[in-house]
Amino acid sequence: MAAPLVLGILVAVTVRAVLYRSSLAGFISERVEVTSPLNAWKRVVEGLALLDLGVSPYSGDVFHETPLIIYLFHFLIEYSELVFMVSFMQCISMSDSFRSFSLVQFKKQKLLMELDRYASDVAELIRTPMEMHYIPLKVALFYLLNPYTVMSCVAKSTCAINNTVIAFFILATIKGSTLLSAIFLALATYQSLYPLTLFAPALLYLLQLQFIPVKLKSKGFWLYTTQYAALYLCSLVVIVGLSFFLLNSWDFILSVYGFILSVPDLTPNIGLFWYFFAEMFEHFSLFFVCVFQINVFFYTIPLAVKLKEHPIFFLFVQLAIISIFKSYPTVGDVALYMAFLPLWSHLYRFLRNIFILSCVLIVCSLLFPVLWHLWIYAGSANSNFYYAITLTFNVGQILLISDYFYAFLRREYYLTHGLYLTRKDGTEAMLVLK
């Protein structure tokens, strides 16, 4: 499996290197689908220029990245392309993560079969060792060669660095390292705030590895939860304190996190916020900003209750929710959760609309630049056209995740109750999930 992975990495590096040196690099870096006011490379360059002049990069309304990012590129500005080329190598950590996860899942599946927890007629639903063996390779290649990932890398969007941090967080969690998981989660939260919601799936997975039952009356549960939460909060405090030490100012708090939460920049993107708030009266905006922002956090608790036995699938769904409902999403965010799709290849037989939804997402991706050109350059369209395709793209994502969620629950039900359901009178029954 190493040879195909190395070949995939070489192809991915070659594609990115060619695009870096082509005229397309400038075009891609200006695309609103690929960069946002939070992670655009030209804004990082502006921040670096202000820092070199002895002016706080947060004194204006241009730079909204974290202090650690600006100081990283302060020393590595000459090697920025190399930094982004290395950042996409997170595929190796993701591959390693899912290799470990597949091994754990295979052992768990074998144990449940030995304990007769599965129905007798579900042999065709059981994942084979050969099928699980190639999952890490598929995940790595799916991420490496995804056009969304390629464009984010070529545009030098700092979203690629955020994704790298999250990939290392996933690796540390699956490997069972409580300390490293808490540190990388704190770093991911520091970078973009929304990964805070990944605390729940990470905790549930680590509890599983420690064989601690998820029960509110269990002392072990509360002890481990407190330990993990303390490590996470202490790491976050240290990172924020280091940022203050570097800048000798708290200006970055409002410029980064206030900017993410209040959504003052309504530059068009692939998200749901910009058009809605551009059309809204000012005195209603605070209420609806709160309503929109709650979407990212609202689903965490019900999903944690429903998927407490399946924290990695919970993590996948939560990453998708973040990419859909965050205030300044880009295609790089979409690429991260899409890298998980090969992990759920065993659900394909239960997916109802996968072909239609795949076509919707592909067509929307192709129409983004077309409608943008008609609106901004040709003047033959308006913002309604672009927002319509944005809305369609997000609805497609929501339906895709809903379809996977339905397929996952359906397979779990069949594993327990049998693939061929019958009524009391012996006739065939139809499964309806409500």
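Backbone N, Cα and C atoms are what each Cβ position is placed from, and that goes for glycine too.
As recorded in TrEMBL:
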type	residues	note
TRANSMEM	68-89	transmembrane segment
TRANSMEM	165-187	transmembrane segment
TRANSMEM	193-214	transmembrane segment
TRANSMEM	221-246	transmembrane segment
TRANSMEM	252-277	transmembrane segment
TRANSMEM	284-305	transmembrane segment
TRANSMEM	350-372	transmembrane segment
TRANSMEM	384-406	transmembrane segment
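When each of 193-214, 350-372, 384-406 is scored by its Cβ pairs under 8 Å to the transmembrane segment (221-246), the top-ranked stretch turns out to be 193-214. Of the Cβ pairs linking the transmembrane segment (252-277) with the transmembrane segment (165-187) and spaced 6 or more residues apart, fewer than 3 are under 8 Å, so the two regions do not touch.
Counting Cβ pairs under 8 Å to the transmembrane segment (284-305), the top-ranked stretch among 193-214, 350-372, 384-406 is 193-214.
Long-range contacts of the transmembrane segment (350-372) within the same chain, counting only residues at least 6 positions beyond its ends with a Cβ under 8 Å from a Cβ of the stretch, are 31-33, 147, 268, 270, 331, 381, 385-386, 388-390, 392-393, 396-397, 399-400, 403-404, 406-407, 410-411. Same-chain neighbours of the transmembrane segment (384-406): 268-272, 274-275, 316-317, 320-321, 323-324, 334, 344, 347, 350-354, 357, 360-361, 364-365, 367-368, 371-372, 374-375, 433, counting only residues six or more beyond its ends whose CB sits under 8 Å from a CB of the stretch.
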